Amino acid sequence: MAKEQSTEQIDPSMPDWSAYRGVLIVVEQREGIAKKVSWQLLGEGKKLAAKLEAPLMALVLGENVAHLAEEAVHYGADRVYLCEAPELRDYRTRPYSRVCLKLIEDAKPEIVLFGATATGRDLAGAIATHLPTGLTADTTQLDVEPHPSRLLLASRPAFSEKMMATILCKQYRPQMATARAGVFQALPKDAARQGEIVRIEATMREEEIDAQVLEFLRETGKLNLEECEIIVAGGRGLGGPDAFGLLAELADALGGVVGASRAAVDAGWISHEHQVGQTGATVRPKLYFAIGISGAVQHTVGMSNADVVVAINRDENAPIFQFAHYGLVGDLFKIVPAITAEFKKRRTLFGIQPPSDKDSLSAAPTESESTATRERSEAK
Amino acid sequence: MLHIVVCIKQVPDSREIRIDPKNNTLIRQGVPSIVNFYDMHGLEEALRIKDEQGARITVVTMGPPPAEKGLKECISLGADDAVLVTDRGFAGADTLATSYVVARTIRKIAETWGHVDIVFCGKQTLDGDTGQVGPGVACRLDLEQLTYVNKVEKVDEENRKVRVHRLLEDGIEVVETSMPVLITALKELNKVRRASLPGMIRAARYKPTVWTTADFPDLERAKIGLKGSPTIVAKTWVPEVKAVKTKMITYDSPEAAAAQLADQLLTKDMQTLLDWA
Ligand SMILES: Cc1cc2nc3c(=O)[nH]c(=O)nc-3n(C[C@H](O)[C@H](O)[C@H](O)COP(=O)(O)OP(=O)(O)OC[C@H]3O[C@@H](n4cnc5c(N)ncnc54)[C@H](O)[C@@H]3O)c2cc1C
Ligand SMILES: Cc1cc2nc3c(=O)[nH]c(=O)nc-3n(C[C@H](O)[C@H](O)[C@H](O)COP(=O)(O)OP(=O)(O)OC[C@H]3O[C@@H](n4cnc5c(N)ncnc54)[C@H](O)[C@@H]3O)c2cc1C
């Protein structure tokens with residue numbers, strides 16, 4: 001086995017970190033399309049950078065991703081480091097972490113943020129160990145103390161979301177965190193915004209890279225609830241898989257997608273990719289319908305960031321009403337079809353076309369179970 | 001023969017943890033300790049490789065002495081050896097300090113029982129829940145890392161290659177890399193077996209190897225435990241329920257309810273919100 005990576009000594013007195021300035025967001029992309037969490041982090045990073053009176057930087061890496069550097073500027077970055085190389089086409093830990101490490105060494109950001117996605121965590125975990133520095137996982141709240149301490153206050157849920165913990169990294173720079181998708185808000189895209197784009201070199205040649213991505217099986221029709229704007233979610237109150245058809249009709253009328261509580265998923269009425277909550281997706285849609293869902297904390301942590309919540313439940317004391325902007329007490333089997341009909345009617349009244357099939361929001365979720373989700377449900 | 005190391009952590013079952021409503025603290029009393037269930041899927045995969053092509057399995061945990069129970073559970077399922085690294089000096093470790101000690105332990109295991117080909121970790125734990133120890137250990141041992149693995153397609157001992165499926169948010173990635181390699185396990189990887197009677201008898205008699213700081217003469221004190229941990233938990237609190245102004249819609253018929261709701265949602269704001277305008 002190869003020898004251990006060396007890590008630097010801890011300095012017991014507070015080290016001088018004045019060379020480290022600014023906030024860096026590592027942009028995640030696949031095939032030239034950025035993950036929304038990257039722009040959400042730029043939105044949040046902007047606030048942190050403003051409080052620190054320091055620049056907001058982004059790192060874009062991949063192959064043919066120059067357009068994302070521009071986009072990062074439009075979403076708030078003052079300076080974007082762009083690294084394009086064929087070796088970076090697929091995400092692989094080593095070549096990606098090499099580029100990040102070199103940039104962190106050169107640009108010396110005081111804060112580095114990654115999306116708490118599979119890729120973001122894979123990368124951040126490797127980099128933090130290498131530097132070494134502290135890494136706070138899966139944060140949902142970020143703040144900074146202004147000069148002179150300039151500390152990142154990184155807060156994250158703990159113990160199945162029952163508690164929140166604020167974690168600091170006082171002795172090391174940069175301060176690093178991964179941040180959950182769907183929690184922070186992106187700035188509106190401003191195509192007129194100007195910023196600096198700095199090209200940097202990739203530092204690893206293909207011969208040095210062992211890992212090979214042989215194939216990527218995109219789960220076509222796989223829902224990315226985190227990216228959806230309108231979600232119509234159902235729970236145990238639906239009583240069986242059939243009622244999800246009613247929800248799909250409402251979702252279609254609105255141009256939205258279907259979500260679910262864990263109870264509905266566990267009952268096998270719908271696949272896990274639809275699950276919202278602690279062990280499912282954290283969503284931030286503009287509109288969220290909670291239908292036949294009681295509102296357990298493990299569910300509400302995943303949806304309480306929705307702009308508008310509509311709850312339909314026959315129990316007027318259901319906790320979900322505490323999270324709802326609009327509440328309807330009654331039988332979902334009567335109310336949901338009426339709402340669907342009403343929205344269809346209004347669409348015709350306004351002469352508005354239903355969302356086109358190409359619209360990613362209108363993907364019919366229930367029919368598109370991929371092999372992967374099938375395997376997953378079999379594994380249970 | 002392949003040598004596989006499985007990293008496990010004994011954790012409080014956080015699903016059982018409740019909050020004391022009086023002082024907003026965690027009630028940990030009576031909360032059972034379990035082996036982090038992702039780790040059990042790592043062990044199961046190691047056992048499957050052992051069943052198919054033969055392998056030696058060493059299980060390791062860094063933790064307080066009661067963590068021995070988890071190691072014995074792994075022995076009862078078919079692991080060959082188990083190592084407990086325990087020392088007061090390790091207490092309070094964050095992921096950086098944990099990965100340092102776990103990596104050193106794996107190196108010592110390789111020195112003691114022969115080279116290590118595969119290291120399994122869980123995707124994350126139920127308590128710390130960071131998913132950072134796996135990448136940390138891989139980085140320190142300079143291993144290739146394959147995280148979020150839901151299928152081990154091939155372990156080719158002769159050509160020293162491993163091919164896996166990684167389950168990502170938007171699909172499945174098929175990756176091949178060389179051993180030695182560190183894999184982090186998802187629960188979709190396999191179905192965990194039950195212990196056999198002979199396994200249970202062996203576990204009852206089994207005494208894990210115990211190492212303390214004294215067994216690692218070159219361990220740097222500044223890198224272990226609380227001192228070696230850059231992250232500090234500064235504050236904990238119970239999140240407040242966000243107060244939302246709820247408008248309950250009262251109605252005579254479902255149709256009337258639907259019309260009211262549509263009126264509310266399709267105000268000018270909402271109309272643009274819904275991209276209907
Ligand atoms: C570790 C852990 C992780 C978890 N993660 C998640 C997660 O990610 N997501 C999640 O959702 N849950 C999660 N849970 C489960 C969670 O605690 C709840 O059990 C679950 O959310 C309940 O689902 P539900 O609201 O659909 O069902 P129920 O609580 O059974 O509620 C059903 C509701 O439907 C209403 N209803 C019934 N019939 C009708 C009708 N005809 N018309 C209108 N209303 C009707 C009832 O009044 C009731 O309020 C987790 C639990 C644990 C322990
Ligand atoms: C509320 C709370 C929040 C925390 N937040 C952070 C944080 O943001 N950043 C941070 O650096 N630390 C954090 N910690 C500390 C962290 O939980 C511990 O350092 C722990 O030792 C390792 O992290 P983990 O449990 O998250 O493991 P993970 O990285 O989630 O574990 C992944 C896998 O690594 C292996 N593994 C983990 N620990 C051991 C072990 N002791 N022995 C053998 N194998 C092991 C297992 O296979 C496990 O499945 C937090 C702790 C608490 C209580």
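Cβ from N, Cα, C; glycine included.
In TrEMBL, annotation is done automatically, which means it is predicted and not curated.
Annotated in TrEMBL:
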type     : residues                                            : note
BINDING  : A:Arg236, A:261-262, A:275-279, A:292-299, A:Asn313 : FAD binding site
COMPBIAS : A:362-371                                           : compositional bias 'Low complexity'
DOMAIN   : A:23-213                                            : domain 'Electron transfer flavoprotein alpha/beta-subunit N-terminal'
REGION   : A:353-380                                           : region 'Disordered'
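Projection of TrEMBL feature records onto the structure.
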residue: A:Arg236; record: FAD binding site; contacts (Cβ under 8 Å, 6+ apart): A:Ser261, A:Ala263, A:Ala264, A:Ala267, A:Gly292, A:Ile293, A:Ser294
residue: A:Gln275; record: FAD binding site; contacts (Cβ under 8 Å, 6+ apart): A:Gly259, A:Ala260, A:Ser261, A:Arg262, A:Val265, A:Ala281
residue: A:Gln278; record: FAD binding site; contacts (Cβ under 8 Å, 6+ apart): A:Ser160, A:Glu161, A:Gln298, A:His299, A:Val301, A:Gly302
residue: A:Ala296; record: FAD binding site; contacts (Cβ under 8 Å, 6+ apart): A:Ser261, A:Gly277, A:Pro319
Secondary structure at A:Ala296 (FAD binding site), reduced by DSSP to three states: coil
PLDDT averaged over the residues of the domain 'Electron transfer flavoprotein alpha/beta-subunit N-terminal' (A:23-213): 96
For A:Ile293 (FAD binding site), the number of other Cβ atoms found within 10 Å of its own Cβ: 32
DSSP state at A:Arg236 (FAD binding site), helix/strand/coil: helix
Cβ atoms near A:His299 (FAD binding site) (within 10 Å, other residues, all chains): 27
